[in-house]
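Single-structure report; data block below.
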Amino acid sequence: LVAKGEMLLMGEPRVHAVLSQMAGALRARDPDLAISIFKLAVERGLTPDAHCCSSLIKAYGMKKQADKALEVVRMMLELGVAPDLVTLNAAMDACEKGKRPEEVLRLFREEVPRHGLVPDIFSYTVLVNMYGKRGELAEALALFEEAVACGLEPELPAYTAIIKAAVKKDDMGTALALLRRVFDSGLSPDARLYNTLLWGHTKRLEWSKAMQILRLMEAKGLVPDRLTYSYLLSCLVDCNQLEVAQSLWREMRDKGHVKPNLELYSLAVDMFAKAGDTTQAVTIFKEMRRNRVQPNLVTYTALMEAFVRAGYPMAALSISDEMRRKPGLARDVTSCVWRLKCFVELGDLEGIENLIQEMQDSGIHLNVVVYNQYLRGAMRSGRYELALQILSALFEKRLLPNLETHQCLLEMPTPSTGGAVSGLAHGDGVESQMEEAREQLVMFYHAALKLLAEQKVRARVNLYVACLHACLRTDRLDLAAEVMALRRANTLQIFQLFKKHEEKVHRWERKIDRELDARFYSNKNLV
């Protein structure tokens with residue numbers, strides 16, 4: 001900036017010199033520098049022409065400052081400088097980027113004809129971009145065909161804009177038809193156009209088609225960029241194609257075309273975490289630090305997941321603590337869930353409750369996944385009354401239990417958590433403690449099933465089976481009858497699950513014959 005300023009201050013600035021300086025700044029993607037050069041030149045007595053004003057409008061367009069771009073157009077009219085098509089196209093582009101669609105249409109429909117100008121392919125491309133971003137594919141296609149009907153030959157940016165509009169609307173058929181038109185017109189698609197198509201396939205989780213686009217790019221001699229690999233790796237992880245994702249990551253590193261950025265590093269850590277390769281996830285995390293790429297929330301959460309999956313909750317907690325110390329990293333519900341899982345694995349119910357209180361104080365929404373972890377911690381600790389309270393709170397928040405909720409209800413207490421079965425290995429009153437623990441479990445299952453039935457939530461079959469098992473072991477046939485009544489419509493499924501233990505089923509049937517109340521016994525469907 002100092003060097004360019006000195007050049008301008010050597011004498012009265014000339015238009016071509018200012019244009020050259022501003023063009024260089026715009027090529028360097030530095031709109032502030034271009035604006036400062038223009039202002040400095042005007043202060044030194046330069047009378048700007050249409051070309052200088054067009055460069056200034058382009059700079060404001062890069063900053064998405066539509067109002068200032070329109071001010072330049074008004075200033076030109078006041079100075080008697082007639083805007084040319086380049087000027088109005090730049091103003092239209094600035095208004096499109098600044099989300100001023102009404103001004104884009106006014107410039108296209110009114111200002112361009114008023115100055116005796118005819119729209120070119122760039123004018124139509126701006127409008128196609130605008131309608132495409134708004135999801136109005138029909139309007140974008142109509143404008144594209146209007147440009148063709150006017151005798152304009154669409155260039156690659158125009159095709160990219162209309163294909164992007166089709167992809168955004170999830171119309172891959174139209175996008176591929178337009179790609180055929182690109183080839184038919186003799187144009188060679190660039191990496192940006194291929195990335196647009198690749199984005200469309202990855203949005204639909206069509207990972208094999210996305211990989212075909214990658215191979216087509218390479219066959220055409222194009223080098224995939226960060227965006228290409230980012231789309232592909234994200235899609236492969238979402239589709240659980242972890243082996244393919246790992247192979248693609250290694251291929252990217254071996255070719256050396258792309259230097260990983262924060263997003264790619266985070267995707268790689270997440271990918272290896274889900275694949276269970278904790279060593280590789282940690283290696284990539286260390287490489288990030290060596291390359292001075294600061295991990296973000298996604299990176300830390302993925303590394304926590306890797307340690308939890310590998311059975312190292314303490315290591316995951318240390319990563320979580322490091323993340324919490326980082327300024328500017330706001331916690332989200334996903335990172336909190338993995339911290340909750342650490343406390344669950346460690347049997348730290350107090351840590352779970354403290355973290356949930358922190359989440360509530362921070363305004364983080366407690367979803368069903370959070371309640372599931374809380375429920376799992378309570379079940380593993382043998383805190384059945386607390387588990388019922390958590391289940392009730394789930395319904396009070398109008399959250400529906402999912403498959404994981406039912407799996408949490410089947411969690412058994414462990415001796416290390418100090419729950420209902422703790423101390424059973426010490427030999428004092430073992431049998432009585434076991435009986436008490438079984439009785440508590442039966443009552444909990446019965447209460448949980450009744451609560452689910454009251455809320456009109458269909459409980460899973462394995463939850464009924466677990467409850468019936470517990471009823472048989474404690475001879476609580478009265479509760480067994482009530483459970484059977486709750487599951488009246490699908491009793492046959494329950495007995496089918498017991499089919500491989502026929503003797504137990506027959507013994508159970510005999511007990512029902514002897515001891516069940518007559519009103520249940522009379523209903524043959526229950527038996």
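Every residue, even glycine, has its Cβ placed from backbone N, Cα and C.
The domain 'PROP1-like PPR' annotation in TrEMBL covers 88-239. Taken from TrEMBL, the feature repeat 'PPR' covers 49-83, 84-119, 120-154, 190-224, 225-259, 261-295, 296-326, 367-401.
Residue counts for the repeat 'PPR' (84-119) under DSSP, split into helix (H, G, I), strand (E, B) and coil, are 27 helix, 0 strand, 9 coil. Among residues of the same chain six or more beyond the repeat 'PPR' (49-83), those with a C-beta under 8 A of the stretch's C-beta atoms are 15, 18-19, 22-23, 25-26, 29, 31-32, 34-35, 38, 41, 90-91, 93-95, 97-100, 103, 111, 115. Sorting each residue of the repeat 'PPR' (367-401) by its DSSP state yields 26 helix, 0 strand, 9 coil.
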